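Notes for the one structure printed next.
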Amino acid sequence: MAASASERPQFISSNGGNRSFSNAPLIDNSDPNQIIVPEKKSWKNFFAYLGPGFLVSIAYIDPGNFETDLQAGAQYKYELLWIILVASCAALVIQSLAANLGVVTGKHLAEHCRAEYSKVPNFLLWVVAEIAVVACDIPEVIGTAFALNMLFSIPVWIGVLLTGLSTLMLLALQQYGVRKLEFLIAFLVFTIALCFVIELHYSKPDPGEVLHGLFVPQLKGNGATGLAISLLGAMVMPHNLFLHSALVLSRKIPRSSTGIKEACRFYLIESGLALMIAFLINVSVISVSGAVCNAPDLTPEDRAKCEDLDLNKASFLLRNVVGKWSSKLFAIALLASGQSSTITGTYAGQYVMQGFLDLRLEPWLRNLLTRCLAIIPSLIVALIGGSAGAGKLIIIASMILSFELPFALVPLLKFTSCKTKMDSHVNHMAITTLTWVIGALIMGINIYYIVSSFTKLLIHSHMKLALVIFCGILGFSGIAIYLASIAYLVFRKNRKAIPLLASTNSQTVETLPRQDIVDMQLHGKAAASDLD
């Protein structure tokens, strides 16, 4: 039974911070139409957990991924495939921790940040998270505009404006319930996969070279490190950690120790399945690009396109080398990717705002605000720089996401270290240690790249010495602040906290799903369960 408001466990804190939640962790009445996981252990329970992983996987195959994948294949053939493999494995570990945090504690990552940090750090973390959501939305806007251009010859800048209509699509989908929405997202993911499997079949990349690129790490040539960071940023996105920890709260799971461990296990399997499909799609995109741009009979005009390949040029390249139908298939996949990413981006933004600020907006208004912030820079770049400028903006957005990852990853690691440990049978310490190593490597690569790139920019610039010194002081001060912020999050000692929904000794006690999370997904409509 659900506890009364006075009996619900609260955080026990020892220093200042935002310690209370105005939204209750539990609700006092049960909706029979919610997605309910039976208490009885069975492999059939897995189907109740299907859904959140596919919503999360969309971020790994959005237009930003396609852009960086195409450039990686065009410039370095299959040499950067290992980055996709490493990033996908890292993503599975990180996303499983995010899901576990929500399952065990009943609160998502943004809410834990609000409870743990004082007002100023909490506000700054919210700003960084919102920037990540907008940076994620920019590739979706540009990718959808490119897809409309390929399919209907609509100018890119007009396509950018038309992407605002995706808000209406999102509203239309929400009224049908979370299950149908999750099935639609899964359908779009398989549509994207099918399109690139067909492309892969006709482009005929060399299997031996593909396997060599997957399992032999190498970074050769100028710009390989920057492109590798863009690939990493496009794969492991900070807003996805907030999203996954919130999506799992839409299920009603048994609150027994067995039920919680089963939920964590099935969410891991479900995430692995969805991310494996996303991994294969990314490998297919790089392989197609690498095979097409390194074809022996490539014309000089097509070879020039490969040197500065973006989403729009890829369409013409595929049409010239493989066939017109190939261009249309790519456009369909791109459109499906951009539109499905809109849904997950809106959810992530809503959870971030609700969690950090305890502020909720109507989903259509939240989508409109985020989309407007993404449309403005995309429209300016599309008008001034054309499709080439828009393509470069996608790369910049992906790199921003990579640099912002520590500000979501470090809090997640700190929270999961003390809140989601189940028992000795769950290799929690090993997983946490592995994730800390992954996070340290990502942060180390980012820091190395930003310092080395900024230093080269100053050395090779033609500015006057005084201006170079001023820019150097300004730039390295910014880097120092960036490092200090990460260090604060890493070394700050968290307050001891009681997990909000700790498991009980009972094998029959259940908790209700978070009604506010369900409402955000359904816009006030109840989800129809597909299980008896």
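The count begins at 1 with the first shown residue.
Glycine is no exception: its Cβ is also placed from the backbone N, Cα and C atoms.
When Cβ-Cβ distances below 8 Å are used as the criterion, the transmembrane segment (43-61) is approached by residues 35-37, 88, 91, 95, 99, 136, 178-179, 182, 185-186, 188-189, 192, 235, 237, 239-240, 243-244, 247-248, 250-251, 262-263, 266-267, 269-275, 277-279, 281-282, 337, 340-341, 343-344, 347, 529-531 of the same chain, each at least six residues removed from its ends. For 43-61 (among others), the entry in TrEMBL reads transmembrane segment.
Annotation source TrEMBL lists transmembrane segment at 81-103 (among others). Panel annotation: around the transmembrane segment (81-103), residues 52-53, 56, 60, 69, 72, 109, 112, 210, 213-218, 228, 231-232, 235-236, 240-242, 244-249, 253, 260, 263-264, 267-268, 271-272, 275-276, 278-279, 282-283, 286-287, 409, 412-413, 415-416, 419-420, 431-432, 434-435, 438, 442 of the same chain, lying at least six beyond its termini, place a Cβ under 8 Å from a Cβ of the stretch.
Per TrEMBL, transmembrane segment is recorded for 123-148 (among others). Packing against the transmembrane segment (123-148) from elsewhere in the chain are residues 59, 62-64, 66-67, 110, 113, 117, 154, 156-160, 162-163, 166, 234, 237-239, 242, 310-312, 315, 331-332, 334-335, 337-339, 341-342, 345, 348-349, 352-353, 356-357, 370-371, 373-375, 377-378, 382, 387, 390-391, 393-394, 397-398, 400-401, 404, 407-408, 411, 485: each is 6 or more residues past its ends and has a CB under 8 Å from a CB in it.
According to TrEMBL, the feature transmembrane segment maps to 154-171 (among others).
Feature annotation from TrEMBL assigns transmembrane segment to 183-203 (among others).
Here TrEMBL flags 223-243 (among others) as transmembrane segment. Beyond its flanks by at least six residues, the transmembrane segment (223-243) meets 55-56, 59-60, 62, 64-65, 67-69, 71-72, 75-76, 79-80, 83-84, 87-88, 90-91, 94-95, 98, 108-110, 128-129, 132-133, 136, 139, 282, 344-345, 347-349, 351-352, 355, 395, 398-405, 407-409, 412, 442, 445-446, 449, 453 of its own chain at Cβ-Cβ distances under 8 Å.
Taken from TrEMBL, the feature transmembrane segment applies to 264-288 (among others). Cβ atoms under 8 Å from those of the transmembrane segment (264-288) belong to residues 45-46, 49-54, 56-57, 60-61, 65-66, 69-70, 72-73, 78, 80-81, 84-85, 88, 91-92, 95-96, 99-100, 103-104, 189-190, 192-193, 196-197, 199-200, 203, 205, 210, 214, 235, 244, 248, 318, 422, 426 of the same chain, restricted to positions at least 6 beyond its ends.
Summarising the annotation, TrEMBL assigns transmembrane segment to 329-348 (among others).
Summarising the annotation, TrEMBL assigns transmembrane segment to 368-387 (among others).
The annotation transmembrane segment is assigned in TrEMBL to 393-413 (among others).
Only residues 6 or more beyond the boundaries of the transmembrane segment (434-459), in the same chain, are considered here, and those with a CB under 8 A from a CB of the stretch are 90, 93-94, 97, 225-226, 228-229, 232, 236, 402-403, 405-406, 409-410, 413, 468, 471-472, 475-476, 479, 482-483, 486. Residues or ranges marked as transmembrane segment by TrEMBL: 434-459 (among others).
Residues annotated as transmembrane segment in TrEMBL: 465-491 (among others).
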Open item on the list: Counting only residues 6 or more past its boundaries, what in the same chain has a CB within less than 8 Å of a CB in the transmembrane segment (393-413)?
Closed with: 63-64, 67-68, 71, 94, 97-98, 101, 109, 112-113, 116, 125, 128-129, 131-132, 135-136, 138-139, 142-143, 226, 229-234, 236-239, 241-242, 245, 310-311, 377-378, 381, 385, 432, 435-436, 439, 442-443, 446, 450, 482, 485-486, 489-490
